[in-house]
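Enquirer: One structure, pasted below without further comment.
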Amino acid sequence: EEDAVQHDEL
Amino acid sequence: MNIFRLAGDMTHLFSVLVLLLKIHTIKSCAGISLKTQELYAIVFTTRYLDLFTTYISLYNTIMKLIFLGSSISIVWYMRHHKVVRRSYDKDQDTFRHYLLMLPCLLLALLINEKFTFLEVMWAFSLYLEAVAILPQLVLLQRTRNIDNLTGQYVLLLGAYRALYVLNWIYRYFTEENYVHWITWVSGIVQTLLYADFFYYYFQSWKNNVKLQLPA
């Protein structure tokens, strides 16, 4: 399973 | 979360509230570009697909749902509400906004953080958001009398963009490994579009003449 990029901004 | 980010999110939220206030209480969308609002609805729909895959925080989820719901409902009101839609400046709002989408999609396919569906959509939404205000700026330039609410809406959006740039600078210096070139470059392009517009906006306001942007 590939790690998804985490986007913590809106 | 730093103060710039929070203030940026709040000005963004207020800009949407100002627009909803205008639509709900005055039942008018005069001076508001439906083209820009449609682009925003597409921007948020393509960006927040990660609502289904990634949980960041309750704050993050609620804000995403607010921006999604408000942008889609604003488009609905402008298109379908029997009173509101009559105030829409259709003949002035002529920007061919769909033409902006293809280059943004091609750019997203070429330049993204990772070549996955979600990441390409995320990049697409950033590129599209950078130019989504253009139809609104063109409409403002054409509208003779800009009412206070419309002016405040665009001012709040501009403040939101500027505060996000400050947030990135702050995070770059305070967090390790915080580097997001795609977000930064598209965000700065977007902020410059506002800055350029406000320059002419205040010039015309100061000289008390009709706004004229250079060709």
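Every residue, even glycine, has its Cβ placed from backbone N, Cα and C.
Those TrEMBL annotations? Automatic predictions, nothing curated.
Pulled the feature table from TrEMBL, pasting it below:
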type	residues	note
TRANSMEM	B:55-77	transmembrane segment
TRANSMEM	B:98-115	transmembrane segment
TRANSMEM	B:121-140	transmembrane segment
TRANSMEM	B:152-170	transmembrane segment
TRANSMEM	B:182-202	transmembrane segment
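Looking at the shown structure, what environment does each listed feature sit in?
Expert: With a threshold of 8 Å between CB atoms, the same-chain residues lying at least 6 positions outside the transmembrane segment (B:55-77) that come near it are 1, 9, 12-13, 16, 19-20, 23, 29, 34, 37-38, 40-41, 43-45, 48, 84-85.
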Enquirer: Sort out the residues at least 6 away from either end of the transmembrane segment (B:98-115), same chain, that have Cβ-Cβ distances under 8 Å to it, and list them.
Expert: 39, 42, 121-124, 127-128, 131-132, 134, 180, 182
Enquirer: Six or more residues beyond either end and a Cβ under 8 Å away: which residues meet both conditions relative to the transmembrane segment (B:121-140)?
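Expert: Distal contacts: 31-33, 35-36, 39-40, 42-44, 46-47, 49-50, 89, 92-93, 95, 97, 100-101, 103-105, 107-108, 111-113, 146, 150, 154, 157, 182-183, 186-187, 189-190, 193-194, 197, 201, 211, 213.
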